[in-house]
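The block underneath contains the structure these notes are about, expressed in structure tokens.
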Amino acid sequence: MPKVQLKILDSRLGKEFPLPDYATAGAAGLDLRACIERPLAILPGATKLIPTGLAIYIADPRFAAVLLPRSGLGHKQGIVLGNLVGLIDSDYQGEILVSCWNRGAEPFTLAVGERIAQMIFVPVVQMEFEQVETFTATLRGEGGFGHTGRH
């Protein structure tokens, strides 16, 4: 298993709140928690940047981390990521912050230590552009946004 360096920035992690870990052998994501000092109200339509109390350093440019919303918060409470998905580059070393957006109709109170997002690690391929005047024709061509049909 590849290694990622982890820096604990909030002393409550590992004591009051568990460190990120895979819940099951088949789990793809690690839960990130709100390392806030007091409950935080997020009004409808508002976004808040939430500290997680940790920083990671992936180092290997063949990998990146992706932050995703927790399905229960999004479906039941209307809390999703303000940027829809977060990307942590391999060379980033600062605190992981989660942009929380309340797309619901009611205020939402985020509890201290609440699980707010999940983080997965993904492979990365850096491509090199080759500038051309035309592309080799394909069946699809420039068709997009529903071009292949609804059903």
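Glycine is treated like the rest: Cβ placed from N, Cα and C.
Swiss-Prot lists ARG70, SER71, GLY72, ASN83, LEU87, ILE88, ASP89 with the feature substrate binding site, giving sequence analysis as the kind of evidence.
Here the features listed in Swiss-Prot are painted onto the structure.
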residue	record	Cβ contacts under 8 Å, 6 or more apart
ARG70	substrate binding site	ASP31, ARG115, ILE116, ALA117, GLN118
SER71	substrate binding site	none
GLY72	substrate binding site	none
ASN83	substrate binding site	SER99
LEU87	substrate binding site	ALA64, ALA65, VAL66, LEU67
ILE88	substrate binding site	ILE56, ILE58, ALA64, ALA65, VAL66, LEU67, ILE96, MET119
ASP89	substrate binding site	ILE58, ALA64
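The maximum pairwise C-alpha distance among ARG70, SER71, GLY72, ASN83, LEU87, ILE88, ASP89, the residues recorded as binding substrate, is 26 Å.
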